[in-house]
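Asks: What follows is a single structure, and I will ask about it in a moment.
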Amino acid sequence: MFQAAERPQEWAMEGPRDGLKKERLLDDRHDSGLDSMKDEEYEQMVKELQEIRLEPQEVPRGSEPWKQQLTEDGDSFLHLAIIHEEKALTMEVIRQVKGDLAFLNFQNNLQQTPLHLAVITNQPEIAEALLGAGCDPELRDFRGNTPLHLACEQGCLASVGVLTQSCTTPHLHSILKATNYNGHTCLHLASIHGYLGIVELLVSLGADVNAQEPCNGRTALHLAVDLQNPDLVSLLLKCGADVNRVTYQGYSPYQLTWGRPSTRIQQQLGQLTLENLQMLPESEDEESYDTESEFTEFTEDELPYDDCVFGGQRLTL
C-alpha cells in the first residue's frame, strides 16, 4: 500500500519577529523619503515651517450674514434675542454691534427698535446696554410712542429711570414734550394709568404739568378728574398744575366734577378755581334752541301740526 506523503510542517510567522519586520518596513519608508530630499531642500522646508504664523483677522462689518437675516415680521436677530429674553445672547450681540447705529436702530414691521422691545419685555438692564451702545431713544413705533412712552404706560419705574438717566438733557426734554399719535405725552400716559411715582419723577425732570392734548386741550389735571383719582389730583396740584386752565371747549377741571361721584375732588378744586370757572357754561345747543324759539311764532290759524289723526278720525284743534 502506498502511504500519503507527509506535508512539511508550516511554521506561523507570528510574535516578536513579525513586529520587527513591520517596524523595519516603516523605517525603510521614512528613510527612503528623507534620502530622496537634498539637504538644502530639507533645510528650506524646516525654515518655512518655522516662519508660519497664524494671525487673527477682523471680519469687516456688514459681512456677517446674521445681521441681514429678518423674519416675516421684520425682526432682526437682536429683536428675536430680546423677545425671547435670552439675556446672555442679547448682551453678546450688543457687544459685537456697538456703534453700528443702523443695526441697533433697525425698526421691524411695527416700527419697533430693539429698545422698544427691551421696555415692552421689562428688561431695563438690556435697555441700558442698548443706550450705551448707541440706540436712539427718540425713535417712535407705529403708534407714535417712544420707549419712554411705553415705560410710562406700563408703569415700569426701573425702565423709566434707565431711559431718563441715560439720555442727554436735550434728548430728554424733546422726549418729554413729544406726543404720540393719540396726542398723549409721557406725563399724560402715566396720569391715565395712575402711576403716581412716575408722574412725580417726570415733573421733577422737567415735564410740563400743564401740557394739553392737541385734540381737545385736556391737561393731566383734567384727566385726573375724568378718572376720578383724588390722589392724582392732589399730587398734580402739589406739582403746580393750573386749576384755571380750560379745554378747547372752555371747561376747567372743576367744571368736569359736576355729575361725578367724588366730592373730595370737587372740594379740592373748588377752593382754588376762579368763580367764573366753577359753573357749567351754557351749551351752544341750548342757545340755538332759545334763539329759534324767539323767532318762531304761530298765529291761531298757523299751527305747526294741523293733520293729526286718531282712530281714523281727524282731530279738530
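For all residues, glycine too, the Cβ spot is worked out from N, Cα and C.
Heads up, here are the entries from Swiss-Prot:
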{"type": "COMPBIAS", "residues": "15-39", "note": "compositional bias 'Basic and acidic residues'"}
{"type": "CROSSLNK", "residues": "Lys21", "note": "ubiquitin cross-link"}
{"type": "CROSSLNK", "residues": "Lys22", "note": "ubiquitin cross-link"}
{"type": "MOTIF", "residues": "30-36", "note": "motif 'Destruction motif'"}
{"type": "MOD_RES", "residues": "Ser32", "note": "phosphoserine"}
{"type": "MOD_RES", "residues": "Ser36", "note": "phosphoserine"}
{"type": "MOTIF", "residues": "45-54", "note": "motif 'Nuclear export signal'"}
{"type": "MOTIF", "residues": "110-120", "note": "motif 'Nuclear import signal'"}
{"type": "REPEAT", "residues": "110-139", "note": "repeat 'ANK 2'"}
{"type": "MOD_RES", "residues": "Ser283", "note": "phosphoserine"}
{"type": "MOD_RES", "residues": "Ser288", "note": "phosphoserine"}
{"type": "MOD_RES", "residues": "Ser293", "note": "phosphoserine"}
Asks: Which whole number is the mean pLDDT over the motif 'Nuclear export signal' (45-54)?
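Replies: In the predicted model, the motif 'Nuclear export signal' (45-54) has a mean pLDDT of 75.
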Asks: Can you break down the motif 'Nuclear export signal' (45-54) into helix, strand and coil residue counts using DSSP?
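Replies: Residue counts for the motif 'Nuclear export signal' (45-54) by secondary structure: 7 helix, 0 strand, 3 coil.
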